Amino acid sequence: MKFKTFAAFVGPSLVMMLVFIAFPLVSVFMQSFYVTQPVFEQVEIESCTPGFPNPTCVTEVKSQPVIGDDGKMISETRFSGLESYRNVLELDRVKAAIGNGSWSELMNIDFWKALRFTLTFTLLTLPLVLVVGLGIALAVNNAVKSLRGPVIFISLLPFIITPVIGGLSIRWLFIGDGILTAAMEWWTGTNISMFAQAWTIEAMMMFYRVWHVAPFAFVIFYAGLQTVNQDTLESAIIDGANRWERLRFVIVPHLMPLIVFIALIHLMDCYRVFEEIVAFSSQSHVISLQWLTYDFLTPDDAGNRAISRASATAMLTMVGIVILLIYPLKRTWRDHKGSH
Amino acid sequence: MSTPKALRQSAALRYGSAGFLIFWCLIAAFPIFWILVMSFKSPVDAFASNPLDVVFGPVTLAEGDGLSIMDVILGLGVLWLSFRFAFRHLPEMVAKFTKPGSVILGWVIAVLGFALAFIVVFFSILPWLLQGVNAITGPLGDPFIGLTVQHYVSVWVENEFYRNFINSLVVTGGVVTVSLTVGTLAGYGLARSGSNLAFWLLILALIFRALPHSVLVAGYLPVFINSAEFLRPIFGDAAPTLYGKPYAVIAVLVAINQPFTIWMLRSFFQNIPMELDEAARVDGCSHFQAFRRVIMPVMWPGVITTGLFSFLLGYNDFLVTSLLLDAQNQTMVPAIAGYFNRETTTTDQVEAIAAAVSITAPLFLLVMVFQRQIVSGLTAGAVKG
């Protein structure tokens, strides 16, 4: 294919991606170094209280926002360097917390709290998703043919459901004296409140995430299981391998590329965990990196959006993604080189 | 063919695997089933701690909303028959009455006609019929299970949820059409070019796919809010403020979706043999003509599958739509956040549940109709690597 035709085919898509993905990235990068604030001016105000014989007058200097001709506050944008990053990272408090050796103090700082949750969430759900997905795939592969269709249908439901609503449906099972909380209280005989402390909320979020993503892993593993080489399996049996050894030494190596694929997709998606925070309304206990940016972007009570701090968190989130992707990208590049 | 003895499984393993499967199916379906049940009950029943109370709804029943055994039997019967009709006879009828060129139009008419007939039968003929039946059958006709549709009525009629529904339709429809149009072209180009440039574009797309959406929205927001000023030199005084406009959100979602779309379509295009293009080219087609007249007709399964995933992205999105659309143009998913954040009364909560079920219902139908395409779409990207 000539370059010109290639460009004609790929052009529209590339333009969309450049305008709506690459350009915003650059603009976020720039924004993170600037701060937009209302302009304040110093005004001398003389206020008098009636008195006898003369009113007592006090002159004080007040700062108040400048109102423009259109009746709105005038704001100015100035270069602030790394200030937004400093505001987000709060390194002084981090130093103090580390100096005290106090973990809980460190976890009071929003950014580090969000980073801690995002990372633990990602790393804990990854093995669970892989194991549960593989388990379901093996069980379905083992089941009668006529059952497979319905099972796949039911399994697809958690995957396809709107994430916020999936989270809510789990939350409604537990909220207040929801049936599952009531069941656990009956079982243990103690009073349980699932939304009062961070770790139970985190556990529910992880449960939701595994419930939501395991079907995806299952479908892919199930497709992979159909292509396992039967001859290799048979020779393994002849060599005296038991079921576990066959799984360990024949099936899992065969599925390895799929495991890497699912792990990669899962890392990408989990790193931007966000909908769970909304669905479980957990912002007072648990927050994630993407939620932090979202929170800065939503207007506060005065209607201002903290764009520059949002940009700074967004850039810091990006750093994490880059670190995450270095290894798989290197691998893909090696494969590409190898295939030519 | 009987299984060789060595491959035969012990009873423990067989029951273990079957048990695990049943357990998984329960976990997978239960939360969704449960919100469906809750949405039909009065608040006291919906949040009762005894599951039996939630299912049978004594308080709802006491308020006078209930179903008798005959209601349940006949209702389920009609549902079953209509599903059977939809999946067995409807496809045959469409095949019989439409000309080969207008299959899509035939399906649209068939689905609309079926939906209309179903609504008429289920919501007006059936209740009328059941009144008579319940009066005759005595104890079988007495209500025994509480069920009310008042939350659906208040969500859809009083709170005007249909506005959000229409907005969702506009946004998702736009996202699917635009991203498929742009994506098929790019996917074809990338699949047929083995150059390094194509490889780097795909890698770039992969990196773009990994970006958290909030990072991108942080980039759009200031620009969109002030877009009237930026665009004035080009459009004059008619320059639009992009913030809150559905078409701006469509453009954003299409771009976010592009990396995934082109990866998936590329892997579908790679399954179509090169010889097909070459034959068309030998017969004198240009690249574009070959793409339109020869490749696209055999690409429909891939396009439908990718369209499904674009649909899901547009329909399920919370972050982008909640930040970039104003209240007037809000889609369904962000609108539901308004319900459960109010948390003033439990009635609001149950209304939120009814809204959630309303959002989930189309997805449920989607899986029923397109299960095979969804599965093939999931595996297409992965098995190829």
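Just so it is clear, glycine is given a Cβ too, placed from its N, Cα and C backbone atoms.
Note: TrEMBL annotation is automatic and uncurated.
The transmembrane segment annotation in TrEMBL covers A:6-30 (among others). Here the transmembrane segment (A:6-30) has Cβ contacts under 8 Å with residues 311, 314-315, 318 of the same chain, all six or more residues outside its ends.
The domain 'ABC transmembrane type-1' feature in TrEMBL is assigned to A:115-328.
The transmembrane segment feature in TrEMBL is assigned to A:117-140 (among others).
Residues or ranges marked as transmembrane segment in TrEMBL: A:152-174 (among others).
Remote same-chain partners of the transmembrane segment (A:210-228), defined as residues 6 or more beyond its termini with a Cβ less than 8 Å from a stretch Cβ, comprise 125, 128-130, 132-134, 136-138, 140-141, 152, 155-159, 161, 163, 166, 170, 250-251, 254-255, 258, 261-262, 265-266, 269. Among the features that TrEMBL reports, transmembrane segment is placed at A:210-228 (among others).
Sequence-distant contacts of the transmembrane segment (A:249-268), counting only residues of its own chain at least 6 positions beyond either end whose CB sits under 8 Å from a CB of the stretch, comprise 122, 125-126, 129-130, 133-134, 213, 216-217, 220-221, 224-225, 227-229, 232-233, 236, 241, 321, 324-325, 328. The annotation transmembrane segment is assigned in TrEMBL to A:249-268 (among others).
Cβ atoms under 8 Å from those of the transmembrane segment (A:306-327) belong to residues 25, 28-29, 31-36, 80, 84-85, 87-89, 111, 115, 118, 267-268, 271, 289-290, 292-293, 296-297, 300 of the same chain, restricted to positions at least 6 beyond its ends. What TrEMBL lists as transmembrane segment is A:306-327 (among others).
Cβ atoms under 8 Å from those of the transmembrane segment (A:117-140) belong to residues 148, 151-152, 155, 202, 205-206, 209-210, 213-218, 220-222, 224-225, 247, 255, 259, 262-263, 266-267, 270-271, 273, 286-290, 320 of the same chain, restricted to positions at least 6 beyond its ends.
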